[in-house]
Every structure is written in C-alpha cells, then in structure tokens.
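A.B. asks: One structure follows; several queries about it will come next.
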Amino acid sequence: MFCEQCEQTASGNGCHQWGACGKSPEVNAVQDLLIYCLRGLATVVLKARENHIPTQKMDVFICEALFATMTNVNFNNKSLTEYLKTCINLREKLKQTLEETLNTPPSWSDLSNYQPDWEDSLVTQGETLVHRFISRSSNDLDIISLKLTVLYGLKGVASYTFHAQELGQEDEKVYQFIEDALVKLERTDLSLQEWIDLALKVGEINLRAMELLDAGHTQTYGHPTPTQVPLNPKKGKAILVSGHDIRQLEAILQQTADKDITVYTHGELLPAHGYPKLKQNYPHLYGHYGTAWQNQTKDFAKFPGAIIITTNCLMPPHETYDEKLFTIGPVSYPHLTYLPPTETGIPDYSPAIKKACLMPGFTEETEPRHVMVGFARNTVLSVSDQVIEGVKTGKIRHFFLVGGCDGAKPGRTYYTELVEKVPSDCIVLTLACGKFRFFDKQLGEIEGLPRLMDVGQCNDAYSAIQIALGLANAFNVSVNEIPLSLILSWYEQKAIAVLLTLLYLGIQNIRLGPTLPAFITPNVLQFLQDNYHLQPITTPDEDLAACLN
C-alpha cells in the first residue's frame, strides 16, 4: 500500500499498512487501478473532443469517479469495481465510435487499451500499476512530488466540478484540462519547471471550478445573507444531512416536505442555512447538529433519526448507528444502505425517510444556542465602505482568514487558541470545517461588524478570494499589501486544490498546518518558501506577533 494524499497519513510519511482514514490496502489498490483506467478513458475523450464527438457523459463520470478516490469518500471495493467497469465500458464504446467515424482509425496507446483481468485480483493489478507510476517518474523525488500534487489537486477540482454540474454549471475547458492533466501524468519527458507550471495550472482551473459552483449556488438559492442557525434541536422526527452537496440537501427537503420531519445539517452543510431561497422554501430546514467530521462517531451515535452522507467526510461507521446511515453519489461503505441516483441524478430518499419515521426523534427541547452564517462576498463587500473606514481610522487593525479542513490531530488546537488570542481590533474570517474549532465563540463586534464571519464551505474560498480582491481594489493595492493574513488548516484533496489556487494567484505568506503535506519534498518546499513565503504554523503567539508586526 502507498498513500500519502491526506494530512493524517501515518507517521507523516505515508500509509503503507493501513490507511489512517480507515481505508484498507485492498481498497487503496482498486482506487489506484481506477485512476489508471480513468487516465486511459481521458486519452480517448480528448481524441473524441478533437473530432467534435460529444463527451459530456464521460466528462461528468471522470469527475465523479475521481471524487470516489478522495479521502473519506468510498471504502467499498464493490462500488469501486462498478466505477471501474463503467470506465472501461465508456472507453470502449467511445473508441468504437471514433473508429467508425474517422477515415483513419486512431492508434491507441497502452494506457487507452489497458484491460483489467476481471478473473484475477484487481488488488494485485492496482498495486502493480501504482508501483509502475512511481518507477516511471525515474528517481527524481521532486518530480514524483509534483506529479502527486497534480493528481491530488485534480481530485479536488473534480469534486467541485461534479457539484457545479449538478446545478447546471459546466465549462468544457475545465473538463478538458482535467483529462489532459490525467494523461500528462503518464509523461516522463517533462521538466521540473513544467510540472511546477502544471501544478499552478491546476490552481487556475480550480478557481474556475469554484466560480462555477458559486454561480450554481447563488443563482439557484440566492446570495447568502447573515442568518442565525440554531444549534439546539427541537422535538420531533429528524433527518441529519452531512457532507457538502447543497443540491442533494434541497432534494431531501423536497421529499420530506409535509412529512413532519425536521431536517438538520451536519459538517460542511452548515453554510446552507445562509441561502435565502432554501430557508424561504423549506421551513423544516431548522438547525445544525454536531461539529466537524472527525467527531461523527459521537454525533451520529446520539442522533435519534436517519443520517444521509452526501460527500466526504465519512469515517468507518460504528455498529451503534450504521443501520440509520445512508450514502449517495460517490460515497460508499460496505454494509451501509446506498441510495442510487434515478435518471434525474436525484436518489429516492424514501428508505431514509421511513427510517426517520420509525426512530424516536428528539423528545425534548434544550437550551437555545445559535451561530451566525452567511458572510459571503456579497454581504462583506456590501459594507466595504464601512470596512475601509474602519481600517483607515485604525479601528480595524488586521484581518485573519483562519479556515480549511479540520481533523483529529491534537495540534489542531492551535487554531482555537489563535482565534481566542486575536486582538479585539481584528476581524476573523473563516470557512470550511476548520471553523468548528471556534465557530461558536462570541468575539463581539467592531463598529457594528461581527469580529467572526463565516464565509461558507471550503469551495467558498472563491468568495473569500473575491473579498480580498475587492478590498485590495478599494485600497488600490495588491492583495499581498492589504492587512490580511491567511492561516490555513488542511486535510484532504480539496484543500490541496484551494492551496494551488492561492499560489496561482500569487498570494504570499500563507501559514499552513497542522503539518505540511507528506508528498512535498524538501526541494519543492524550498521552492514554495522562496517564491511564495509559504510557511508552517508555529505557535499562536509567535504567528500572531509576526502577522501583526
């Protein structure tokens, strides 16, 4: 087994016996086999696009299948094998179409001709291919590092692209880049600089993918507005929806309307409460339950209703709650109930609804608690004059963007302590599940502006970027000259894609933690430090002093 795509990878240098996420070596090997076959499909799709043959079905499939190989998404070899079979079927049908259409049939590479041996061990085949992937990168560890950076970043781009197309937002250039980059991973002739350029291109395309998803959310549900979200449950039957997929959350709300079931969000779906059309159209979307993904074994065990996982992060479930747990889309785990999509792409959620009706639900009220969400770009930039005046008069000294992924490592308490120690004349922007380290802190206000503003999900890094660019334009300076410090936490591959976007934009002095990626070699890290001043977090006191100096 070889996997080092997440922050919690074993001993900080890769998982070789069993995944720290709970992924078995067998699942890891089949994921590697799937990725290899997706690269072969991408080769054929690029040829089809050159010849004006429709590829949208394959484009979306590649994104979903890459999504399935992300951390804490799919632990089920049966499900992954179905993705693998679909991949080969789509590839062969498209090859046949090309051969029948073109006067001169294409000459296919080994990559696009690879045929898994269904009678033999898929695990062994996957292990062989990943070893070949490494060996074909020669002995240059820096090139291997950058190849892995590109691959992991592509997974993040694919996940955002998949969600955006659910909401009707697509850009063929995004699909084409994903496929072209997948094929380039087979190249052995690219220089170190060319791999650096490709990694930064991943960041550029991810910016576009996040823009598409932002458009899908805001055009469908309206721009987020400041909204108070209850953290205390109310009496009645309940369904908990976890993950990131707001389109599927809406589908669940539609299918539970008039059924006297209260719907709660979990994890990265907290920002959904800020979208006005969701709140207006579905009054049974009530509150938020639980905190970040790594606490789900405790949160899910206590929740007295059905639970639906729409995306990452799924942990191996305990038997105390696995019977009330349902998965959809790319998410799968052996023995959990999977709800397949219908022709519309929306599952029939009846099994989860029936389970919720059979369960006790919440039987008593608790003391009211709440948090605020909805401070996306429209909200913040609508008061830009007030913000600018606050900075000019010295009432606002500095902005901190403290966000990213949460995780189980003890070192992540750094982020809680840092936010608690941020001076009272500074504002904290946050996004993604890293916020759960401090999302309920009462930090007060500066001149009517909340000192803690939740910008949204991890993909709302796009919104945070627009806020930073808007402030920079207002002050007539570059982003690196405004009083803003980025202190980020990472865990999985979406965070890698977002980091590459920030580097593509030339943003300097990012502090990253709790540890640096295992797949980044010392030479690549030195390049990032020399050119972008990227640095690991130290202590809250030291980093605050450096940022405010």
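Glycine is treated like the rest: Cβ placed from N, Cα and C.
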A.B. asks: Please identify which of CYS426, CYS433 is recorded by Swiss-Prot as part of the hybrid [4Fe-2O-2S] cluster site containing HIS244, GLU268, CYS313, CYS405, CYS458, GLU492, LYS494.
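C.D. replies: Candidate listed by Swiss-Prot for the same site: CYS433.
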A.B. asks: Setting HIS244, GLU268, CYS313, CYS405, CYS433, CYS458, GLU492, LYS494 aside, what same-chain residues sit with their Cβ within 8 Å of the center of the Cβ atoms that define the hybrid [4Fe-2O-2S] cluster site, listed in sequence order?
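C.D. replies: Neighbours found: GLY267, TRP293, ASN312, ALA432, GLN457, TYR491, ALA495.
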A.B. asks: Please list residues from the chain of CYS6 ([4Fe-4S] cluster binding site) whose Cβ is under 8 angstroms from its Cβ, counting only those at least six apart in sequence.
C.D. replies: ALA20, CYS21, THR71, TYR491, GLU492, GLN493
A.B. asks: Which site among CYS15, CYS21 has the most other CB atoms no more than 10 Å from its CB, taking these as binding-site residues?
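C.D. replies: The most densely surrounded of these binding-site residues is CYS21.
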A.B. asks: Starting from the [4Fe-4S] cluster site formed by CYS3, CYS6, CYS15, CYS21, give every other residue of that chain whose CB sits within 8 Å of the mean position of their CB atoms, in sequence order.
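C.D. replies: Near the [4Fe-4S] cluster site, the remaining chain residues are GLU4, GLN5, GLN8, THR9, ALA10, GLY19, ALA20, LYS23, ASN28, THR71.
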A.B. asks: CYS313 (hybrid [4Fe-2O-2S] cluster binding site) to CYS3 ([4Fe-4S] cluster binding site): how many Å between their Cα atoms?
C.D. replies: 17
